[in-house]
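K.L.:
As listed in Swiss-Prot for this protein:
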- GLY169, ASP170, ARG171, GLN172, THR173, GLY174, LYS175, THR176: ATP binding site (BINDING)
- SER362: site 'Required for activity' (SITE)
Amino acid sequence: MSIKAEEISSIIKQQIENYQSELKVSDVGTVTYIGDGIARAHGLDNAMAGELLEFSNGVMGMAQNLETNDVGIIILGPYTEIREGDEVRRTGKIMEVPVGEALIGRVVNSLGQPVDGLGPIETTGTRPIEAVAPGVMQRQSVNEPLQTGIKAIDALVPIGRGQRELIIGDRQTGKTSVAIDTILNQADQDMICIYVAIGQKESTVRNAVETLRHHGALDYTIVVTAAASQPAPLLYLAPYAGVAMAEEFMYSGKHVLVVYDDLSKQAAAYRELSLLLRRPPGREAYPGDVFYLHSRLLERAAKLNDSLGGGSITALPFVETQAGDISAYIPTNVISITDGQIFLQSDLFFSGVRPAINAGLSVSRVGGSAQIKAMKTVAGTLRLDLAAYRELESFSQFGSDLDAATRAKLERGKRTVEVLKQDLHKPLKVEKQVLILYALVHKYLDDVPVHDVLRFESEMNTWFDHNHPELLEEIRTTKKLPDEAKLEAALKEFKNTFVPSEEK
């Protein structure tokens with residue numbers, strides 16, 4: 001077989017034409033300091049703020065401080081294997097997390113990696129954890145209610161879809177229970193829920209996950225956890241990972257509820273990182289940009305306008321107070337960013353009023369416009385009645401003789417407090433909330449003994465389910481009160497069957 005010279009030259013020409021030079025240029029620096037989840041590296045002159053960097057052992061870091069001589073890096077993983085003198089290289093990427101339907105029902109860490117032992121998550125989409133919040137013209141005002149299933153909230157401090165409502169109170173006052181009950185109540189509301197646990201004990205997160213699983217709520221919930229044992233950078237990033245996952249759904253026209261439990265621990269983790277990076281401390285040793293830390297997170301909650309699909313993110317951030325002091329630095333910051341707050345008080349909690357919501361200090365600035373008409377009608381004067389009762393209660397402790405009108409107000413107040421009590425993990429549908437509040441406002445409870453009020457409510461709900469389901473259905477579908485004559489007749493009929501128990 002003879003090879004012709006022309007063939008050889010044409011093959012060589014073809015090879016030369018197809019040749020592509022693949023030069024790979026990478027910026028490489030050297031670790032000059034390592035410790036406490038922080039590294040400093042020299043030689044990364046072109047690194048960008050927030051860029052992901054890779055250490056020689058595969059652990060990732062994030063560029064935070066860009067200084068003249070070196071770069072301050074927070075390490076997103078175990079740092080004990082990294083040594084001074086190790087290589088660290090730029091990736092040219094910023095921090096992203098996986099997003100999409102595949103995450104629903106899973107427990108993931110701040111980087112979007114599964115931690116529930118159920119195998120890898122099959123998702124191709126990712127979103128950067130830092131994103132620009134929707135602008136003024138991309139939003140619309142809050143106009144749809146988010147039903148929490150908690151009477152004291154839906155009646156006194158209603159929340160709308162797209163709102164930011166702070167839940168604030170001391171430790172062990174039932175903040176997490178409020179959030180879990182709200183998630184449980186979204187079962188038939190076409191909502192996706194994201195529960196972000198920041199700095200919680202792993203046993204606490206496990207309990208929350210099992211509660212959600214037991215009630216079937218994991219079918220529409222994503223849990224993002226950065227446990228107390230995790231490095232501070234992961235606690236700092238967890239809320240941003242949660243809201244990035246939520247934005248994917250919001251921009252697809254869906255409604256999302258994000259719970260941040262709690263932002264005090266995120267602020268403490270950020271303070272730790274900032275002090276280790278030698279940033280100047282400010283009030284309570286927090287860095288100067290701790291306000292921006294929370295404002296850029298919570299501003300990403302919005303109700304989008306109809307041209308963008310009308311999706312929404314509702315944020316329920318938690319802040320833990322010390323001895324009820326809501327005038328500390330982080331509480332006042334977050335109160336000023338959010339659209340209202342629900343204040344949980346420990347003395348109410350220990351006196352048996354649960355949920356321990358202080359109606360006087362709690363407020364919802366935009367939720368009122370989202371409240372359904374039926375609830376507005378029955379709950380209109382409730383807040384004022386409750387405030388008047390608290391005032392009279394403190395006055396009546398002096399033991400002075402009270403006139404009949406004052407005594408009647410006190411008795412009504414006791415029953416109001418009793419009606420607003422609720423068992424754990426038993427959210428109540430809005431039509432049944434309207435029913436008991438209607439009974440309260442229209443004096444059907446005035447002659448029911450205080451200790452029988454909750455029994456009256458549960459028996460009334462069962463009775464209406466069996467005898468007048470059409471009235472409940474009418475409230476649910478029209479969102480207005482049914483014909484008052486029918487409702488009054490039904491309530492009178494039930495009340496005739498109710499037997500008060502003996503005095504305790």
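Every residue, even glycine, has its Cβ placed from backbone N, Cα and C.
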K.L.:
Write down the Cα-Cα distance for SER362 (site 'Required for activity') and LYS175 (ATP binding site), rounded and given in Å.
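P.N.:
Given the Cα positions, LYS175 (ATP binding site) is 14 Å from SER362 (site 'Required for activity').
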K.L.:
Roughly how many Å lie between the Cα atoms of GLY174 (ATP binding site) and SER362 (site 'Required for activity'), rounded to a whole value?
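P.N.:
Given the Cα positions, GLY174 (ATP binding site) is 15 Å from SER362 (site 'Required for activity').
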K.L.:
Give me the Cα-Cα distance between THR176 (ATP binding site) and SER362 (site 'Required for activity'), rounded to a whole Å.
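P.N.:
Cα-Cα, rounded: 17 Å.
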K.L.:
Cβ neighbours within 10 Å, counted over all protein chains: which one of the binding-site residues GLY169, GLY174 has the most?
P.N.:
GLY169
K.L.:
Mind giving me a neighbour count for LYS175 (ATP binding site)? Other Cβ atoms within 10 Å of its Cβ, every protein chain shown.
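P.N.:
Its Cβ shell of radius 10 Å holds 24 other Cβ atoms.
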K.L.:
Using the CB centroid of GLY169, ASP170, ARG171, GLN172, THR173, GLY174, LYS175, THR176 as the ATP site centre, which other residues of the same chain sit with their CB within 8 A?
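P.N.:
My list of surrounding residues reads GLU320, LEU344, SER346, PHE349.
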K.L.:
C-alpha of SER362 (site 'Required for activity') to C-alpha of THR173 (ATP binding site): distance in Å?
P.N.:
15
K.L.:
Under 8 Å Cβ to Cβ from ASP170 (ATP binding site), same chain, six or more residues apart: give me those in sequence order, or none if nothing qualifies.
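P.N.:
Listed in sequence order, they are GLU320, THR321, GLN322, ALA323, GLY324, LEU344, GLN345, SER346.
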K.L.:
Counting other CB atoms within 10 A of each CB, which of the recorded positions GLN172, THR173, THR176, SER362 comes out lowest?
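P.N.:
GLN172, out of the recorded positions GLN172, THR173, THR176, SER362, has the fewest neighbouring Cβ atoms within 10 Å.
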K.L.:
Across all the protein chains here, work out how many other Cβ atoms are within 10 Å of the Cβ of ARG171 (ATP binding site).
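P.N.:
Total other Cβ atoms inside 10 Å, all chains included: 11.
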